[in-house]
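In what follows, a single structure is set out as structure tokens and then discussed.
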Number of protein chains: 2
Amino acid sequence: MEVIDQLAPERSKSQFDVDAMKIVWAGSQHAFDISDRMARLVASDPAFRKDYRVTLGRKELFKNTLRKAAHAWKRIIELRLTEEEASKLRTFVDEPAFTDLHWGMFVPAIKGQGTEEQQQKWLPLAYKMQIIGCYAQTELGHGSNVQGLETTATFDPATDEFVIHSPTLTSSKWWPGGLGKVSTHAVVYARLITDGKDYGVHGFIVQLRSLDDHSALPGITVGDIGMKFGNGAYNTMDNGVLHFDHVRIPREQMLMRVSQVTREGKFKQSDVPRQLLYGTMVYVRQTIVADASSALSRAVCIATRYSCVRRQFGSQDGGPETQVIDYKTQQSRLFPLLATAYAYRFVGEWLNWLYTDVTQRLQANDFSTLPEAHACTAGLKSLTTSFTADGIEECRKLCGGHGYLCSSGLPELFAVYVPACTYEGDNTVLLLQVARFLMKTVSQLGSDKKPVGTTSYMGRIEHLMQCRCDVQRAEDWSKPGVILEVFEARAARMNVACAQNVSKMPNPEEGFSELSSDLVEAAVAHCQLIVVSKFMEKLQQDIAGKGVKEQLQLLCSIYALSLVHKHQGDFLSTGTITAKQASLVNAQLRSFNAQLRPNAVALVDAFNYTDHYLGSVLGRYDGNVYPKLYEEAWKDPLNDSVVPDGYHEYIYPMLKQQLRTARL
Amino acid sequence: MEVIDQLAPERSKSQFDVDAMKIVWAGSQHAFDISDRMARLVASDPAFRKDYRVTLGRKELFKNTLRKAAHAWKRIIELRLTEEEASKLRTFVDEPAFTDLHWGMFVPAIKGQGTEEQQQKWLPLAYKMQIIGCYAQTELGHGSNVQGLETTATFDPATDEFVIHSPTLTSSKWWPGGLGKVSTHAVVYARLITDGKDYGVHGFIVQLRSLDDHSALPGITVGDIGMKFGNGAYNTMDNGVLHFDHVRIPREQMLMRVSQVTREGKFKQSDVPRQLLYGTMVYVRQTIVADASSALSRAVCIATRYSCVRRQFGSQDGGPETQVIDYKTQQSRLFPLLATAYAYRFVGEWLNWLYTDVTQRLQANDFSTLPEAHACTAGLKSLTTSFTADGIEECRKLCGGHGYLCSSGLPELFAVYVPACTYEGDNTVLLLQVARFLMKTVSQLGSDKKPVGTTSYMGRIEHLMQCRCDVQRAEDWSKPGVILEVFEARAARMNVACAQNVSKMPNPEEGFSELSSDLVEAAVAHCQLIVVSKFMEKLQQDIAGKGVKEQLQLLCSIYALSLVHKHQGDFLSTGTITAKQASLVNAQLRSFNAQLRPNAVALVDAFNYTDHYLGSVLGRYDGNVYPKLYEEAWKDPLNDSVVPDGYHEYIYPMLKQQLRTARL
Ligand SMILES: Cc1cc2nc3c(=O)[nH]c(=O)nc-3n(C[C@H](O)[C@H](O)[C@H](O)COP(=O)(O)OP(=O)(O)OC[C@H]3O[C@@H](n4cnc5c(N)ncnc54)[C@H](O)[C@@H]3O)c2cc1C
Ligand SMILES: Cc1cc2nc3c(=O)[nH]c(=O)nc-3n(C[C@H](O)[C@H](O)[C@H](O)COP(=O)(O)OP(=O)(O)OC[C@H]3O[C@@H](n4cnc5c(N)ncnc54)[C@H](O)[C@@H]3O)c2cc1C
Ligand SMILES: [Ca+2]
């Protein structure tokens, strides 16, 4: 079969400079270059093949991941890659692995919570991977409630050691990635007990395994917690269980940047403020938002390309059928997802800036913006991960039956992605934190304490409570100012209404708890406003390339208006828009979708994903879907023979009515 | 560890007769007895164990399914089970298998489309499983558009045979369950060509494999299409690919109940009306709705029990922490799902009645209610499967991190369930069919043609267009009449608005296509009304048992009001309710949720699911979650050894900086 670019007609329709858009998506020419180089490096190296992954049993799958991680590390050393390059390379290897936790949690925990001395001792070992570490916080019985952890670290002044112990079954560490089979060390969170007093949860560096033969050290029981969602997927990761039986570690292995225990067993708070720890949290959450945009954009890329290849119904006079992307229902399901991938990309970029800003302020002992930054990142983590998880599954459905095949890439993308809604803070628990912050913000309106950063719109509360949207024709919905104001008004009004309702309750705590569902919705409204406003701010920048800015404007409008439509209940019940205006939103969305249509494929090409990284027959760059689907099918182990294993024992006797006597 | 019923305190709180509720859920004492007996039969037979399923490779997994299917069939024969019992037994074996298609599609296709003679020839073979059949409609290139199928069946008068042929790659049959490895026969849909003319798609019985050695017959290429979503899950099914190279079958193997080809090759339409075929469709869709309620109720059962076991935060004075089910956000996410499981159970029951009604009418040559029955079942299939798929995933998230483990049962439940949104009609395509029917209904209002069945509310269109909801206090939302009317008014107004907007377009086809997203939303509104109204009708019946009816009333209200809240944009934009009334909905929901809370566990106990069928450590009847999670973990193959396979090749050299020289 001769291969041609089936999507060439789509590509020739596009109205903007795709190469320029690639730079915008990547963030800069520099970022693009690195990404592009690393993606090709991985894609062209047969050692990184991943297409057979779903047929492997757990042990083979895991061993295969160990191999890839080692190979990746070898290449990183051989090519003397920078940290930035190495991290990109790992991204494109596209397989959850112990290295994610080593680099993403273990190293940052030591950096953030270790003293200078501790950093000097441990970081070089970690940087060279002479030790491999994980992040052991969650227990069988406690995840969200970190303060409820049960593992104890009791100081023994006689030996100058901490005794790490798991007093109950539920205190077993449970979930840490990299723990089950690989890590030699862990940052373990445990209740610090000294002098008979419980000082709450602190971090400790604990060696788990022998560096000679990898056996578990005395007192340590460690293993894998078993299979997780999906095929391949997260089962490449050894999320682990860990039980301590009075394990002793030197006192110096408590992470002591913020609190210390002295040789005498005295607990001390250092003058380094606790808030410093928030910096790491902002950093980690920012990467999660960036990951959301990657995951969603991959799914959207697959669904968009396949929707152009797939034709169904509507053939006239024996001509080709309609491309399913031309159905308006397909567009109104797909294009908002495409727009959202871009929206999250830019809010992720902004969070990157926020992280730098927070870090600089912390260094200057300015903690004023921390609560706002904390709420904002918590809210965006929750918003983007929940939406992305649903969005990936919607993309799978948009591909009809074929989306259900592993070779579509979408099932695995979903299964790997969904835990992002849970780890680093359960999304509902996070939104409740945002809500608490917003209620405080509302209660302080009119006082000296002015709302800052992403809440500064609340400073215009009088206006926002009574302003009227003056959309009269559908086209009015293309004005950024109009859109921004309705998002601000909706968020402000919902949060003020919540605050009022809470205040009517016997006491605020009870009110908060009773009304928590409403509060969560108000928090979502606030977070959506942030994304919309950051997208609009991005559009204020100089953006090079023919037609690029126009496309981004279109995407921004589709993002915002699809939310107005989806949440029209909020906008209507707060009186922010009228029913008539709501119906004009639909009309304008239809027109925007039609404008987007010729650019759809080019807009997903701009993500610059290799076929290797996409890992999808449906999303192939060349659109050569059917022959490849057919080819892939035959690779399944079940097709090793025409007559399946088990035929003689189970099928033949059934057909021949000989089951009665069979032993099954 | 001593095992006690951790959930006993929950069970003692409940305010109704659980045993009586079990009968209501099952449908009758008879249905309950059978279900209960079959569930226990399966659960107590070690041959039906399923807990290790997720760790099996494809071949082992498939062979294991063959074994179970044979064992099930053996037991069915040994115990002389009735058809009803046998079908329940298969349900509780809980593993997608070729037998589903044999009994669920192959047999019904012959019954529905075969002549008396054909039925007499083929059904006895099928009933004894002397042949095994599947349903081969979908092709690589065509699923939704059945009329676009490419496989040909060309009549050859010389030999009195049809020549079945796959003229293109995309004409390969693709997806049929049971086809890949097991079926000896298939009902194949192909374009009937005789006398040089194409008479469109018809069904043919085609033998695929030798009954002696299972080899593929000449001209037939057949295999499995490869891995699908999830672990275990649907990979127990051999969805297949099938390519014909001029395969000859006797003329008598065309299914000839509705159309025939004569010995001379003349195409004839029999006097049996084509509509008869709709009967089967109503039947199949009714089973899909029933499956939706099973799948959702299983997920809800797991999430409800675990939410009572799981405690997080809120410990006062060292006492136990708060059960997460007591958080209002958890309730407002979970209880509507519980209510929906019941709602779908009853609408399924009603569809069962509808099927009987349609069948009787068909026999009496009364086709008047067919279009309505067709639209209604299409809509309910779409509504219930989409909601259930999302609902299962929401239940998984409600279980926090532990829901991501396969041992929670939820990942596999989801992965097995989601294709229901696609097979038997893509959900969006189905809703568009409903919309088309509704537009026709609206256009006929005022004419002689009165709306029937589920559309009869449209007969009161004048009233519904202008009626006002007179809810003034939250409690007013507990009146069924009030709720029913707002659902009717919303559905009526949305559909009338769509009809008006379509009529403003240059032509109706273009209008329909342009506005199809709005039309789909209006169709959903109509379908939700059906579910609400059937639940209310159920409550009109005599229902025995202390407190049972009260609980059902509560569930019905929660079902309906949670929809009003979720879709408040619809209700507000159509002026059906006011913003004030919308906020009273929330208040009333909070109060209903509080009323439901003490009954939550008993309401899921009423499903009468065995621990085997639930297949979930989190959902165990006795709530003994933590010790069992711990126990399960160690069974993973990765835990066969402390030091993982691959350590020496990949981890040791990494730690010892010896990778440079390693071959990976
Ligand atoms: C794939 C994966 C990888 C992980 N990796 C790591 C790791 O490397 N290291 C590590 O330490 N941990 C790890 N975790 C654990 C993870 O951090 C926790 O699972 C997460 O914090 C959620 O906590 P939980 O499981 O206790 O959820 P729970 O708190 O038990 O949540 C259950 C339900 O209760 C609700 N709920 C809980 N509290 C409240 C409240 N106050 N108000 C309202 N509702 C509430 C939640 O919304 C949820 O619906 C991982 C988890 C997963 C799934
Ligand atoms: C697990 C599983 C089991 C199956 N078992 C069988 C079986 O036993 N036998 C068998 O014959 N088949 C089987 N099928 C196939 C199944 O019936 C089809 O996949 C299904 O009918 C959907 O068709 P499609 O895949 O062509 O989707 P498509 O029609 O390609 O859908 C792709 C997208 O296009 C959209 N779309 C298509 N047409 C329109 C339109 N007119 N207007 C608006 N949007 C449109 C859809 O909404 C969807 O978003 C099975 C499928 C699965 C997943
Ligand atoms: Ca204005």
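Counting starts with 1 at the first residue shown.
Any Cβ shown, glycine's included, is placed from N, Cα and C.
The structure displayed is predicted, hence computed values, not measured ones.
Under the heading domain 'Acyl-coenzyme A oxidase N-terminal', TrEMBL lists B:17-132.
If you look up TrEMBL, you'll see B:134-236 marked as domain 'Acyl-CoA oxidase/dehydrogenase middle'. Residue counts for the domain 'Acyl-CoA oxidase/dehydrogenase middle' (B:134-236) under DSSP (helix as H, G, I; strand as E, B; rest coil) come to 7 helix, 45 strand, 51 coil.
Look at TrEMBL and you will find B:Thr138, B:Gly177 tagged as FAD binding site. A simple way to gauge crowding: the CB of B:Thr138 (FAD binding site) has 20 other CB atoms within 10 angstroms, across all the protein chains here.
Residues annotated as domain 'Acyl-CoA oxidase C-alpha1' in TrEMBL: B:278-439.
What TrEMBL lists as active site, proton acceptor is B:Glu424. In the structure as shown, the Cβ atom of B:Glu424 (active site, proton acceptor) sits within 10 Å of 19 other Cβ atoms.
What TrEMBL records for B:480-656 is domain 'Acyl-CoA oxidase C-terminal'.
Residues in the domain 'Acyl-coenzyme A oxidase N-terminal' (B:17-132) partition by DSSP class (helix H, G, I; strand E, B; coil) as 90 helix, 0 strand, 26 coil.
Rounded to a whole value, the Cα-Cα separation of B:Gly177 (FAD binding site) and B:Glu424 (active site, proton acceptor) is 13 Å. Using a CB-CB cutoff of under 8 Å against chain A, the recorded positions that qualify from B:Thr138, B:Gly177, B:Glu424 are B:Thr138. Taking CA atoms as the reference points, B:Thr138 (FAD binding site) and B:Glu424 (active site, proton acceptor) are 10 Å apart. For the domain 'Acyl-coenzyme A oxidase N-terminal' (B:17-132), the model gives a mean pLDDT of 97. For B:Gly177 (FAD binding site), other Cβ atoms within 10 Å of its Cβ number 26.
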